[in-house]
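**Q** Questions regarding the structure given below will be posed in turn.
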């Protein structure tokens with residue numbers, strides 16, 4: 001589960017849903033690869049979301065995220081213009097460097113047409129101008145990102161099969177069954193590549209997590225935002241947990257999954273997941289207060305397991321409003337026996353999707 | 001000079017001298033100060049209005065362009081191929097590129113610029129053109145990609161009296177499209193009327209599929225980008241910078257603005273002459289006082305200083321008053337007439353006044369200089385006079401028996417003529433104005449000689465009535481006084497006559513030209529981009545009563561990024577089918593293979609396109625044309641080119657036409673045929689076509705002409721009023737100063753009636769002399785205006801037409817006014833008893 005779109009995405013999404021027949025997400029599908037790595041252009045929104053920890057040869061830790069969103073605005077399909085915004089692609093990338101305590105980020109957006117942006121079907125290949133994320137036939141994922149302050153050229157090699165979320169890939173997000181998405185993750189991706197900060201290019205290795213999700217009706221109107229985490233444990237197990245917060249407080253929905261090293265996956269329902277804030281950080285830029293350190297508890301087989309998430313550093317807020325995305329917190333976190341990312345949305349302003 | 005006491009010790013005497021003068025003649029002091037104030041006020045006001053209008057025009061241009069540092073712009077409204085956009089975006093040095101469809105649109109009767117944008121690209125390149133939809137959880141109506149979403153700038157919203165959420169019909173490119181106002185453009189330039197919709201919607205709904213008009217750029221490396229783009233651009237696109245766009249906007253009105261500034265300076269110059277006349281008289285009157293002080297030991301410099309100090313005070317008072325009045329004048333002019341003072345240069349933009357401290361200082365200084373110079377010249381003359389002689393003789397310092405030198409005037413006039421022959425500098429007729437100034441100075445310098453030559457034969461004549469003889473003898477015997485009074489009159493009359501002659505010639509030329517070009521019986525014009533397609537044209541031609549229809553297409557065509565676009569007109573022209581084209585020049589022979597183009601006179605002068613030359617125009621790429629002729633055009637100052645309709649259609653594939661001139665069958669009723677033609681138009685087009693008759697067009701054109709010269713008329717009137725005030729002041733001051741003379745004449749037996757007749761004759765002769773000299777000089781200056789200033793500023797030529805009525809009127813007014821003031825002042829001077837008058841000073 002992923003993402004943080006509002007801005008354009010919200011504008012696109014709320015307008016005249018009746019005019020465009022978006023497919024509805026229903027249970028009972030079977031994910032098929034590599035087709036489901038590729039785009040599902042009928043759905044309103046979709047994303048490819050890679051987060052992970054990197055280590056340089058000098059032993060420095062870095063966090064990174066590379067995100068591509070695809071949306072289908074409610075435009076008239078009869079428009080013969082090449083500019084028609086049949087599909088719009090947004091991308092976002094960030095690099096967390098604990099040495100500076102700062103987050104570098106960059107963004108791109110474009111409507112398809114004129115070959116400037118693409119989101120192919122059949123297999124993963126999505127890009128805007130020179131930014132790109134794709135899967136090669138030898139099952140390697142690769143990305144190139146060129147922002148002002150930094151650049152990423154990373155390869156991701158899966159070490160485990162994809163991990164369908166919810167009911168075989170049908171992941172419910174709210175009280176109504178159509179408030180849901182198709183969702184799978186690929187945890188434990190082995191990373192190799194290069195990172196440029198300023199003019200300095202260093203080789204890196206590390207471990208990442210890919211989230212793939214597509215939906216037409218993601219967020220219930222009474223939802224404010226969500227907390228999400230995806231953790232790669234050193235023993236090869238993986239945990240995804242989220243909760244959707246209700247406007248005015250409380251939890252509207254929750255869910256997740258735990259996959260053991262042997263491949264056995266336990267889906268987690270709304271009663272099986274809890275988030276407890278341990279420490280907050282107030283953003284000087286936006287004034288938003290984020291619970292950057294949380295305790296995640298899940299109930300598996302009648303027992304409660306708890307993990308304490310500690311951020312790499314506190315200031316991992318992203319103000320992506322210029323690029324049509326909202327203000328949110330997306331940070332590298334540590335936990336005993338594992339590492340991953342924590343995403344906190346809707347803390348500055350309620351999200352609309 | 002060491003023997004003479006210093007200036008400071010003369011302080012007291014100077015104080016008395018100046019203070020006394022002002023206490024006894026406050027009106028004289030006030031008149032001169034007002035003359036300066038009027039000059040400064042006019043100059044400053046015109047400058048402020050121009051500056052403010054230009055600033056807001058600039059703002060509007062910037063507003064529509066969103067302040068992109070560099071843009072790729074289509075040379076004509078036909079646009080450029082949209083496939084250029086990805087190439088430009090991926091060009092070296094280009095950080096981002098925002099494609100724009102630009103349309104001239106209307107909402108009801110309100111014009112606006114409708115931009116079709118890709119909101120994502122525009123957010124990065126021209127954020128001021130991106131609308132923010134209303135925020136808030138309740139809102140669910142704001143799709144930025146929605147084909148019906150329209151964002152309006154505050155100005156456009158207010159002009160059309162719309163609110164967010166309203167549904168409107170927007171007309172552009174001949175299409176009526178229903179849209180919904182979903183938000184404003186809060187960052188848009190305040191004065192710009194802009195609407196923004198999605199670029200795909202603009203292409204589809206307004207039928208511009210495949211075309212864009214502009215690509216706005218943000219750059220990572222300007223040099224690299226400019227080099228890369230130069231390689232990339234097709235012939236119908238041009239690279240334009242923000243500065244070039246500003247220059248394009250100001251180029252059209254620059255000459256007009258400079259000319260107005262010059263005209264305002266004329267008023268100031270006249271004010272300077274008035275100060276000179278008044279101060280000369282005041283100095284002449286105080287000649288004996290100065291002489292007395294000199295004999296008492298006052299240094300020569302102190303005399304000069306005394307008069308110059310007076311000038312400084314006049315300058316300061318007049319200048320300060322003038323600045324305040326000028327600001328008020330500019331404010332009301334902008335408020336009531338708009339930034340172009342009615343000339344139509346800045347159509348559609350409302351100007352707000354912008355105070356300009358540098359200009360204020362400049363005009364204040366000019367006022368001060370005029371006042372100081374006007375005082376210093378007579379002061380030096382007074383100081384040169386030998387004290388002993390001056391003490392005895394309060395009369396004229398010039399000896400009437402000595403001939404006046406004519407050569408300084410001749411030299412100045414010749415120099416002025418020479419300067420006027422020099423070419424324009426930077427598109428402005430600066431040497432023309434210099435020439436006019438020199439000729440004016442020459443004319444004024446020649447006034448004493450002219451007056452003497454005119455009066456000498458009269459003075460030698462014996463007989464006639466006593467008052468007339470006395471008057472002539474007085475003027476002949478005291479030439480200095482007469483010359484002083486004449487300077488102001490001649491200067492202001494000359495300038496006024498010059499302007500009047502030029503405007504009359506221009507108006508006459510325009511009138512004749514309109515008569516020639518408006519030869520058809522009926523005109524139809526489609527607006528807001530609508531056009532007549534071939535089927536509609538055939539249908540129209542079949543209207544009963546129509547003999548022949550000529551369809552034409554008119555489009556702006558950009559030749560250079562920093563110049564306003566010329567008009568491209570496509571009309572049936574080959575084989576001389578159109579008799580309405582007034583050719584001023586033509587080629588003797590045209591190669592059969594050449595594509596002919598007829599260029600307008602301004603286009604010929606601006607771009608140097610002479611008959612027979614081969615030129616390249618950005619029509620359908622770069623097409624070579626041969627200039628077949630030059631036609632007279634007073635309508636399009638930026639220039640126009642005319643190509644044959646068939647050639648145009650073959651080159652561009654554009655089958656639309658937007659103007660029709662109809663020749664009717666004899667005996668048909670133009671109004672009825674106009675109605676019938678309107679009825680034959682397709683429904684969508686009917687509301688967008690204006691039908692006019694030539695008489696209406698001609699009246700409209702002349703109204704526009706008169707409106708654009710309204711300020712000129714006003715400035716002229718003020719100049720002549722200042723001149724007349726000068727005459728009145730001079731005549732009355734001179735008359736009052738001659739109280740003793742009148743007393744003596746009364747003793748010698750002259751009646752008061754005869755005295756009055758004498759004064760009236762004197763006044764009339766001075767006025768007439770001034771009028772003759774002024775009119776003569778004015779006609780010479782008019783030639784500079786007509787043959788140098790006008791062609792160099794506006795690129796069109798005309799023939800001279802002399803406004804005889806105005807000439808007679810001015811001559812009569814001047815003669816009458818000076819005679820009347822002389823009589824009125826004389827009445828006061830002769831009111832006191834003759835004995836007392838004579839006694840007073842002896």
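Each residue, glycine too, has its Cβ placed from N, Cα and C.
Predicted automatically and left uncurated, TrEMBL annotations should be read as such.
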**Q** Select from B:430-451, B:452-473, B:518-539 the stretch of residues annotated by TrEMBL as transmembrane segment.
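**A** In TrEMBL, residues B:430-451 carry the label transmembrane segment.
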**Q** Given B:170-202, B:203-235, B:302-334, which one carries TrEMBL's transmembrane segment label?
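**A** It is B:302-334 that TrEMBL annotates as transmembrane segment.
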**Q** For the transmembrane segment entry in TrEMBL, name the matching range from B:54-83, B:84-113, B:114-143, B:354-383.
**A** B:354-383
**Q** Please work out whether the transmembrane segment (B:354-383) lies in contact with the transmembrane segment (B:404-424), by counting C-beta pairs under 8 angstroms that are 6 or more apart in sequence and asking whether there are at least 3.
**A** no
**Q** Please work out the helix, strand and coil residue numbers for the domain 'ABC3 transporter permease C-terminal' (B:263-386) from the DSSP assignment.
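**A** Helix, strand and coil residues of the domain 'ABC3 transporter permease C-terminal' (B:263-386) number 98 helix, 0 strand, 26 coil.
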**Q** Tally of helix, strand and coil residues over the domain 'ABC3 transporter permease C-terminal' (B:717-830) according to DSSP?
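**A** Residue counts for the domain 'ABC3 transporter permease C-terminal' (B:717-830) by secondary structure: 99 helix, 0 strand, 15 coil.
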**Q** Would you mind listing the long-range same-chain contacts of the transmembrane segment (B:302-334), meaning Cβ under 8 Å and 6+ residues beyond its ends?
**A** 7, 10, 13-14, 17-18, 21-22, 29, 32-46, 48-49, 52-53, 271, 275, 279, 282-283, 290, 293-294, 341, 351-353, 355, 360, 363-365, 367-376, 378-380, 382-383
